[in-house]
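Engineer: Next up is a structure, given as structure tokens.
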Amino acid sequence: MLLYKSLIVISFLFLAVSLSHDQVEAYDVKAGPVRPMVKRDERRSLIETEYGRISAAKISGTDGTRRPYYLQFITLEPNSLFLPALLHSDMVFYVHTGRGRLSWADEDDIRTLDIRRGDVYRLQPGSVFYIESNLEQEREKLRIYAIFSNTEDDSYFEPVVGAYTSISDLILGFDRKVLQSAFKVSEDVIEELFNATRPRPIVHALPKKKKSLWAWEARFLKAFVGDRDALELEAMNGKKKKAKTYNILDADPDFKNCNGWSSTVDRKDLRLLKNSNIGIFMVNLTKGSMMGPHWNPMATEIAIVLHGQGMVRVVCPSTGKQSDCKNMRFKVEEGDAFAVPRFHPMAQMSFNNDSFVFVGFSTSTSTNYPQFLAGKRSVLQELDKQILSVSFNVSNTTINQLLARQEEYIILDCTSCAEEEESIMQEEIRREREEEEAREREKERKREEEARKRQEEEEARKREEEEARRREEEEERKRQEEEEEEARRREEEEKREQEEEERRREEARRQEEERQRREQEEEEEREREERREAEEEEREAWEKQQEKERRREEEAEREREREEEERQWDEGQQKEEGGEFVRAKVKISGDGNRMVLTNVLKL
Ligand SMILES: *[C@@H]1O[C@H](CO)[C@@H](O)[C@H](O)[C@H]1NC(C)=O
Ligand SMILES: *[C@@H]1O[C@H](CO)[C@@H](O)[C@H](O)[C@H]1NC(C)=O
Ligand SMILES: *[C@@H]1O[C@H](CO)[C@@H](O)[C@H](O)[C@H]1NC(C)=O
Ligand SMILES: *[C@@H]1O[C@H](CO)[C@@H](O)[C@H](O)[C@H]1NC(C)=O
Ligand SMILES: *[C@@H]1O[C@H](CO)[C@@H](O)[C@H](O)[C@H]1NC(C)=O
């Protein structure tokens, strides 16, 4: 007790090594895929330090309707310490390898338990526990496989708060003031608690002996574990109560034959399992053997492979919806976990070259008697043969043969069964992959087809667009041509009109010219006429003048002649008077002709 209590104090006060985010994760329950089989490398790693690691797996039976079970795989390097934690649920564990010491406090006591390979134990909800690994010569790691369950809730683990919580997280969740009052310590102590870097959940082990404790450490623990223990502690006289463990490897197997053995640990074997709904079993199949086909009427089995490899065949009991529940076969190897729900007939097989060992937790609230199908202890032996023959629709001879031959039971010889199963599985996987590939190809083909269709549509669309564009261009061209034609026609028209105009103008001009010419001609004609007339007149005038002239000349001539005559007359008058009269006479007449006449008459 002293050690335990001092450890807690020390872990609070001196081991506050390093705060890390995986502190939180260590208690996380998210644990990777939830399937009936979880490979070792599919576990979710919660923490990993140089002193150890914790990984977790959620596992469910084939029917996805129920909540998964929660497993943890705790590995401590030699001489390491898993720091105190408050357990939230039932924890049943199996020690796979190594040695160490489990310490825990429950309501009334503080206990320790030396643990080693093959040990199984159960811790109850509400326990505060921590684990140390021994520093041994072989330096073997302490490996613990644990399942967590809630007793009151049919073994299903409530994941909200996680499986356990670090004690320091619990304490330091309070305010300083509250803690100071609760623990009655100085501010410095609390400050130091808060100031410290939080350690990761697994640390290096402590020096074994601690000589003395300060008074405040005692008070601290008093607050934590209660007065009675604290008083014991203060007396430095505490003695841990040793608990007894159960080693499944030491116990006599429930069943054993040359094909292997199986062992179960239940309430009868381990008092501690009382009130627990978890049982533990272990199976060792020698080479080429089989745990005969059987089902569990009450329990779901969650198994972890400890050694070797094996094939597990699970038959779906449901004849209804095939998609939800289907027959399975899987190969498992060391570290893998697999679950088989109740009523699912199963068979586990070892290969010809190695034994196949697995430990399992069976979860049930009442006693589970596995029901085997084949061999002497077959449930079928209990049934009426004739009814059986009707069930199978075969002859009762066939049924008799079916049930008579197998001398062995439970664990049977099954040479090359695992190999056969494996090849079937591989074949199935291959076929599935092929189908998957075929589906992929089909999908790809469809995709391609769609792509092609799209492309074709695209091309068609393009062609249409092209066509439309071409038509448009064509129309445009036609329109242009028409416009050009129109323009040309208009031009020609204009030209023609111009020409016409020109011609008209020309015509007009010509006519004008013609007119002018005519006018001119007429003018000229007129002028000519006029001139002619004028000339005529002139000539006439001239002629008249001439005539006149002539006449005047003639007159003058005649004058002269008359004058001559007169002169001559005068000359004669002078001789003959009378002449005067004649002359007067002529003068009065004035006219040549008459003058002439007169003259003539006178003559
Ligand atoms: C808290 O830590 C800081 C450094 O991390 C240090 O300076 C300080 O003194 C510490 N306080 C106490 C009360 O230990
Ligand atoms: C399982 O059985 C084989 C063969 O009988 C034996 O060699 C092996 O040690 C056994 N394993 C365990 C874990 O008991
Ligand atoms: C045993 O045989 C199985 C299947 O043939 C093979 O996968 C496995 O590796 C073998 N184990 C050993 C230890 O040789
Ligand atoms: C039993 O099998 C035979 C064929 O072997 C078939 O004709 C017959 O209908 C079956 N009986 C029932 C009840 O299905
Ligand atoms: C088989 O069943 C028939 C009835 O269907 C019965 O008459 C006969 O005796 C049975 N044979 C054996 C070998 O049990």
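The count begins at 1 with the first shown residue.
Backbone N, Cα and C define each Cβ position, glycine as well.
All annotation found in TrEMBL is predicted automatically rather than curated by experts.
According to TrEMBL, the protein carries these features:
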SIGNAL    1-26  signal peptide
DOMAIN    36-191  domain 'Cupin type-1'
DOMAIN    246-400  domain 'Cupin type-1'
REGION    425-467  region 'Disordered'
COMPBIAS  427-467  compositional bias 'Basic and acidic residues'
COMPBIAS  482-520  compositional bias 'Basic and acidic residues'
REGION    482-582  region 'Disordered'
COMPBIAS  541-561  compositional bias 'Basic and acidic residues'
COMPBIAS  569-582  compositional bias 'Basic and acidic residues'
Engineer: For the domain 'Cupin type-1' (246-400), report the average pLDDT of the model, please.
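Structural biologist: A mean pLDDT of 87 is what the model gives the domain 'Cupin type-1' (246-400).
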Engineer: Please give the sequence-distant neighbours of the compositional bias 'Basic and acidic residues' (482-520): residues at least 6 beyond its ends with Cβ less than 8 Å from one of its Cβ atoms.
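Structural biologist: Result: none.
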Engineer: The compositional bias 'Basic and acidic residues' (427-467): which same-chain residues, six or more beyond its ends, come within Cβ distance under 8 Å?
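Structural biologist: Counting only partners 6 or more residues beyond its ends, the compositional bias 'Basic and acidic residues' (427-467) has Cβ contacts under 8 Å with 329.
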Engineer: Tally the residues of the region 'Disordered' (482-582) by DSSP class, grouping H, G and I as helix, E and B as strand, and everything else as coil.
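Structural biologist: Looking at the region 'Disordered' (482-582) with DSSP, the answer is 99 helix, 0 strand, 2 coil.
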Engineer: Report the DSSP secondary-structure composition of the region 'Disordered' (425-467) as helix, strand and coil residue counts.
Structural biologist: 43 helix, 0 strand, 0 coil
